[in-house]
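According to TrEMBL, the protein carries these features:
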COMPBIAS  398-407  compositional bias 'Basic and acidic residues'
COMPBIAS  1433-1446  compositional bias 'Polar residues'
DOMAIN    324-602  domain 'ABC transmembrane type-1'
DOMAIN    631-882  domain 'ABC transporter'
DOMAIN    970-1273  domain 'ABC transmembrane type-1'
DOMAIN    1307-1560  domain 'ABC transporter'
TRANSMEM  14-38  transmembrane segment
TRANSMEM  79-99  transmembrane segment
TRANSMEM  111-129  transmembrane segment
TRANSMEM  217-235  transmembrane segment
TRANSMEM  318-335  transmembrane segment
TRANSMEM  341-364  transmembrane segment
TRANSMEM  454-474  transmembrane segment
TRANSMEM  548-569  transmembrane segment
TRANSMEM  969-989  transmembrane segment
TRANSMEM  1030-1054  transmembrane segment
TRANSMEM  1119-1149  transmembrane segment
TRANSMEM  1219-1239  transmembrane segment
């Protein structure tokens, strides 16, 4: 049979399509053949697989229930049936086309179809018999792809048949029916294959893993696996973390850190990130390339429709083309929306979030390995003061130059713990955020290239070049603004670090601030930094406004100039050209809008990346310790760790150490305050730098082979393992029991012995929940002695064979010290272990000490056995002081069975514990440890609260009030409405302009030929001009355009102005409330939570909310503009727009129900990361000494993953909503286009006007709802800030105290009754006593007697229920709180110093001259006169220069690091005492203020107290009776009452007196009696 040329061409076209589809289907069937053959072979072999085996992969393990719930029976049967039916249908069609001449031209193609269906049947069979989950999923994927290819082939074949003129007369109904059956079958197979689940639900940590890799193909492509969770949130009105599935294996922080480590060491952080996420970045590039093309498909469809309408207006038949254009428009929007949804999913979930997790995990891992460096590292020239000797002001490894400005301050901040935490909280976020949006750069280039190519074809290259003159003009402005913006952002980042450092320090020293009534001063200090921050933020906003103006002006002016040039050249302007051009530029608008912000994000991320690189490249702890049989030093010179080993010339060092600490024995290290004792212990732990020599320590087994969970009494001790008790005890935020066990299994007998040896049993009786009492961060609700004893108990209970102990006796009284020595240090749990103890209480430990070391002058003055030391006359005064006192103490200790304990720090204990204490007395510690308790222990640190449901209107009202009130926001709304009118007017004017021409141009027909755009200037363009005044239309159009630019930019300026006002107002409120909060609240709320408000939440308020509000209002106006535009077209269009709005609101509200709760969970789960990070950094030496670093890394992984759970679902919910809104928008655009096409009265100009807004409507509606959701989520930050701003604060009212009050210092307490809460019993019960002017009163009593409560009542931390406290006759409850506290002074046991200088710590607000400050330092012997040698300060962590003439206290400008950690504990106490001397209060309260200094210094301090405070009334809470034995009066308290109050001599005369009993039980009875009776001065007794 002969075919015509057209018929042959038609047949070839169809054949090519079918052959291509068949080839692809055959390739997809290869796996099916393989699985069928494999299954056949398996069936021939005997099977022994256990039916109980559960599915398992890297994500987790399935359960029997989840496997039972998995079902694919219906899909596999349906696939098989449809494949058989369609195969038979295809066979029938083949027979028909073979036998009937009419269809014979498609004979080959139909038999190829039959082959394709045969392959599909094979795939269906393979799926039907496949037993493995993943293999089924792969088969279903290939089956779905094959069905898709076949359906495309069928559709294309029939379209070709439809368009073929010769074939239209030959179509038969039978052929069409059979083809339709195949098409329906192929589409059904696509759907059914796409419904096969990948696997059953798998579980990890007993929680279901996110179902992304569990759901079917269709579920994954449409994000439908989230729908049940959102439905659950809607029904339950909220979500908890337990409701969220676990993240998958690839997203877990441990996996991400492993990937980071596997890519090797690279110079740049970006290289490491790219290599560890290269698959995601490559996928991002692929998707952005595709979406850059598909984003222009709607504009092409729009042009096609408008061209067809112009043809229709000209009288030509264009119905077919119109409807093709309508459906092409809907399909193009659908494809583009889906691709964009998946692009965003990859960006957020595969790049942004994993990079943040990865960096957080890597930074924390680095912190566990990094050198423990605190202080400053800047070289300083030597200076001279007052003609003194050559002095260096070093306070760090290389000192600090006090005159250096900002750069050195920034260096200091880099060394703080908070700056390290900032690397996670700020820098990691910025890097991950930029990585998320980095695709915009290549995407913009591609889009601009495609857009310009499209526009050249549309309007020609001359108008386009004219339009591009606008970007050429504004590019320099853009570059200038971007550079200034980046600089401002850099400054903002630096100032935010300073703000965080100041706020952190204030929160850490809040007790001292409140006791000193420095709230106002610190608020001014914080607000000074805040004002600088807001000033810089305003600079950022100004440049941001400039960039926004450029973003707005760019597309508008470019389109205006291009169209104006086109109109001038052609003397005409068609609707298709005008509206398509404007639509293209509007499509570029969002892309171009992101560029300025992305550029600034790049600069931010670059700075952050450099900071992270610097940190990751910083020095790590050196492994200089060599394995040996005992701890020994051979000619070792050690210094405190420094970042650079080369900058140690000015560091304090211990030189030429030759020491051998005997195994299994007690060794004592002693020396003056600041002699380097802590440095010696740090060297043993490997926490120092060694310059020369060697240090040997027995090698402990690595943690991986210790098997702690299998420890028992027979294998308890691990040779070479170390336990450490730091000078500042490190306590975890956990129960007392967990702190002692420290991850080890419970051995009841050993645990009870540990409690008894560390004298903790009575403490547990007093605590509200016994051993299960929850301890706040840093042991905030424990006394100083309790913290030491819990820390010691941890070491004692441990499996360590070596105990390194730093001054465990300084915070305990003689009784407790003796108890610890006898029962713990040298008792059953201590014997046989190598114990190295730093202490000033040498005489206490002397009897059982084997080895002693005396440090001084930067070296070991003497080292050897006790016998050798006794023969050295120089050490007799130190090592054998008062042997008689020692013997008396031993005798006294033997007479006591269970000594009463009161070991200091009672202020913290009283504030924190008693508010928890119920009337119940816990006997928990005395019961069997495994006994079940019926009362669950109360957590000291309560879980962070979070609101539920929508953000309350009061929060919005508070933000509106703070940002300027309703008047300001009405002005903002007016600006947005005015901009809306300008936008509408501009588009309407285009429609009027285009309607003014009747186009009769040749170029319309050939404009799309490739040569046309080069030749069209030469063409003759003929137009009949109705209105020849082109400049009239053009001028008004340009005026509209310029107006839109000006007004559009101004509205954001107003939004930013309100944002700055809100930031200032809200910050002031929060600062005021937190600084004046009750101590109980401050103790129970972790610092991390408060800091989260001051940092992350305020970053949101400062920078994010204003932009989201502006963009929300901008897009909302876009929605309104479509409604208005619809009025000019058809009421039906309004109806469809409202219908779409209702549907979209349904999805948006469903999204908000879940996203709002997840956002709150995300905010709350962020705090534990920072809290744990801060705690780990504070206890890094202890953690590493116990070899627990990896355990803490694993804990941090879990916290990061918990945060990731919330963050992951937050963005998944966003994608779920975005895809659905875009799909609804695609339907709306299609319906609108169909409506416009079906109305004959709508011309091309009006259609262009309507369609351009219809396309924008979908975008505006989607972004309006997204931005509304963002604003609501952003308001979560305001909600959290307002929550803490409205906490109850201390009463600030009262009368102003007289100017010189108190003038005498008389104190009278009359019938005082106070309690910790209104519903709790009183702790002081009718307390009455009086203190005369300048008297010294010692307050003593058993634990719980009310001593600390009395101090709190004096400072009005506890308000009187009954009775009064009179100071110089003035009732303190009647005067202002600030006046009361500022006129009194207290020196706590735990010294509090602030970063700065010695001057700022002594006189924070410049109220005294330098002479007074130096005099105070001399009086506490920090600066020695000619009669005593100068100290050689070191410190617990960062040392000072060892040279005797280099004493940092000689210079008031010497730097003090964060928390004073570059000073020793004793030096910090002395500096606090000097601060009190400077203030010269009339009433002074001391709480064992010299516990951490050596005996000689203590004696001098006691002398100074007696000399310097002769004109002050002293009230001393005594833990050593010798301290107050010679005072004027002794107040003995018991159960909140006065038991005795009189002179010590008179109290001793009472035979059954309480004070006398205390003296007799003290262990130093004879000494005390001599002091009381005046035979011995207390100073002499102490020395």
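The backbone N, Cα and C atoms fix where each Cβ goes, and this holds for glycine too.
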- Positions on the same chain near the transmembrane segment (969-989), where near means CB under 8 A and six or more residues out: 582, 960, 963, 1033, 1036-1037, 1040-1041, 1043-1044, 1047-1048, 1050-1051, 1054-1055, 1058, 1113-1114, 1117, 1120-1121, 1124-1125, 1128, 1249, 1252-1253
- Predicted model, mean pLDDT over the domain 'ABC transporter' (1307-1560): 77
- Against which stretches of its own chain does the transmembrane segment (1030-1054) lie, if we need a Cβ under 8 Å and a gap of at least six residues from its ends? 541, 544-545, 548-549, 552-553, 556-557, 559-560, 563-564, 567-568, 571, 968, 971-972, 975-976, 978-979, 982-983, 985-986, 989-990, 992-993, 996, 1110, 1113-1114
- Message: I need to check the long-range neighbours of the transmembrane segment (111-129): which residues 6 or more away from its ends have a CB within less than 8 Å of a CB in the stretch?
- Response: 15, 18-19, 21-22, 25-26, 28-29, 31-33, 35-36, 39, 76-77, 79-80, 82-84, 86-87, 90-91, 93-94, 136, 139-140, 142-143, 146-147, 150, 153-154, 182, 189, 193, 196
- Using a Cβ distance cut-off of under 8 Å, indicate which of 79-99, 341-364, 1119-1149, 1219-1239 has the most pairs with the transmembrane segment (318-335). 1219-1239
- Note on the structure: Tertiary contacts of the transmembrane segment (79-99), defined by C-beta under 8 angstroms and 6+ residue spacing from its ends, are 106-107, 110-111, 113-114, 116-118, 120-121, 123-125, 127-128, 143, 174-175, 178-179, 181-182, 185-186, 188-189, 192-193
